[in-house]
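Worksheet for the structure shown next.
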Amino acid sequence: MKKKGRDLLTAFRKTFLTLQNPTPQIKMDASSERYSYNPVLRWNPQVEDYFIKAYGSLHFAQISEALTRPSCYSCIRVNTLKSTSDAVIEKLQEIMKQSGSKNVVEDINTKETKASNIIDSDMAEKQSSLQNGPISKCQIPGLEYVVFVKGSGPHAIDYGYAPGKPPKEVLVSRKCAEAVLRGAQVYVPGVMACSSHVEEGDLVAVSVAVEQPISDGGWGLGITRGTVLQGLQTDPYYFERNGLFIGQGTTMLSRAGIFRASQGIAVDMKNRVFNLPSFHDVLEGEIFLQNLPSIVTAHALDPQKGERVLDMCAAPGGKTTAIAMLMKGEGEVIAADRSHNKVMDIQKLAAEMGLTCITAYKLDALKAVCKRNGSSDMTTLCYNKDNNDVIQRSELRSLENGGSSTTIVGSNVDTACKENVSNEKPNERTYVSKADIRKNMRRMRNGPGRNQSLGGRVENSKGFLPNSFDRVLLDAPCSALGLRPRLFGGEETIETLRNHGKYQRRMFDQAVQLVHPGGVLVYSTCTINPGENEALVRYALDTYKFLSLAPQHPRIGGPGLVGSCEFPDGYIEEWLRPGEEELVQRFDPSSPLDTIGFFIAKFVVGSKDT
């Protein structure tokens, strides 16, 4: 067992020490220091104190700094039902050559860090087996279908500053900047302000507008879209942009055009602080861009062929399709999400990847367990046929024995729920008004139109029977404080963080009912907040005595947090107890793994009778 652990650690180090590729910053004068990328992540003071108690001052400072930068690599999951890692690597290399990225690739190779200096002799011996180059296959056992594409940065960029003559500049929103740091272009809606006399084809510096403290104790931008940037110290927003320049690009529109247009590219980025390749529309159906911890989550669930698996909060479908791939498309994978559009996205992704075992439903995770109808011998769930809903029905005897439900779709809907959804008399024609006809015609032409719906048809579900799944994944909606790059953290307060935890407990209460005894429940989040991670595990183990933590494979994340935290109002938040920390995986964004912040806990469900 110890040898297996050492081998896994060796593979882990071998993969990620070669991926890390920091480019040293050039020493800069005062003007160059202004035109640099050196953000400081701002937090709510109480939240910052809470995280310092959890991690320690130095460690939390390292986490905060790591969050402001993207990972040094892009992680790609290969669709093994359509391709192989080797074939994808070959195709990506050819695409990079054709797109002119070859110089960037060569630059990455020439700046490769001398990782072998800090690797022990056993590591150095095996280092030669790792593929050299910017694109490589993951060496962690079981994850060979994962491909890494290295990026580079941070780079020092010469913006052409001259004394008294600052460069032309475009100021973008924080959300836009975070996307640009991940490889996107600057689109029109993301532009906040611009220098005067900017014309199409001009070379401009791109900076970021980040929220600042305001008089009422909150945070705000204090800038109106369309503001003219002066670039001199007389500019009221001059100092707010210090150290927040993310690159240089060519304008695709004039200043007037940028603020008149509603869509399109405003700035074509040429020089970036971080160079990460974009995979938009690349090898569609063969690859999926996904963070490494999300891929590990699917492995922690360990789905088997022929099983019935539920992904409770499935959008955008990355983990759902990863689960279906591990099952080789054999079995039943149910994906649920409360958003109509997101369910459509899941369906589209499943179709692109050729995964026919996935069925996506519109369903609120807080209502995932169907309610019994005490006055009937049957539990019937039905919606109107016109809404294209799912009908699920099972005898109570089967329900009590943990049996699975029967799903009736399509033409059987009318028969199965006739008494429930229709008061129509036999052989009696129903009058349809002209208003209803017009309404139906508009619906066919424009789609439902509610909640910005894309107009497609999705199936609704009223929930699933207790004990009807072999495995359940609850990748819960969370504060997302582990996502990177992140340029601002002040929107979360102690109250909102605690509310996230309460919301997740309600979802967990639903999830635990759906797994039959002997099954598996995996809980995950993309946040660094212990209240949504370790505190949820403590709640689960203390509330449901039939749950127990289980080992996860592969295990490449770090241990969880042990202990507790007392809040100013006297509330004590309990975390893990000694011995439990090694049974969860916490991914630290400041660790050598260089991933997003993430958390995974795996539970085995015992007998619920006790």
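Counting begins at 1 with the first residue displayed.
Using N, Cα and C of the backbone, Cβ positions are placed for all residues, glycine too.
Automatic prediction, not curation, is the source of TrEMBL annotations.
Neighbour density for Cys526 (active site, nucleophile): within 10 A of its CB lie 24 other CB atoms from the protein chains shown. Per TrEMBL, the feature active site, nucleophile maps to Cys526.
Cβ neighbours within 10 Å of Asp364 (S-adenosyl-L-methionine binding site), excluding its own Cβ and spanning all shown chains: 17. Residues or ranges marked as S-adenosyl-L-methionine binding site in TrEMBL: Cys313, Ala314, Ala315, Pro316, Gly317, Gly318, Lys319, Asp337, Asp364, Asp475.
The domain 'SAM-dependent MTase RsmB/NOP-type' annotation in TrEMBL covers 220-606.
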Number of other Cβ atoms within 10 Å of the Cβ of Gly317 (S-adenosyl-L-methionine binding site) across all protein chains: 26
Close binding-site residues near Cys526 (active site, nucleophile), where close means Cα within 10 Å, chosen from Cys313, Ala315, Gly317, Lys319, Asp364: none
Chain-internal residues, separated by at least six, CB under 8 A from Lys319 (S-adenosyl-L-methionine binding site): Ser294, Thr297, Ala298, Asp311, Leu473, Asp475
Other CB atoms within 10 A, centred on Ala315 (S-adenosyl-L-methionine binding site): 23
Other CB atoms within 10 A, centred on Cys313 (S-adenosyl-L-methionine binding site): 23
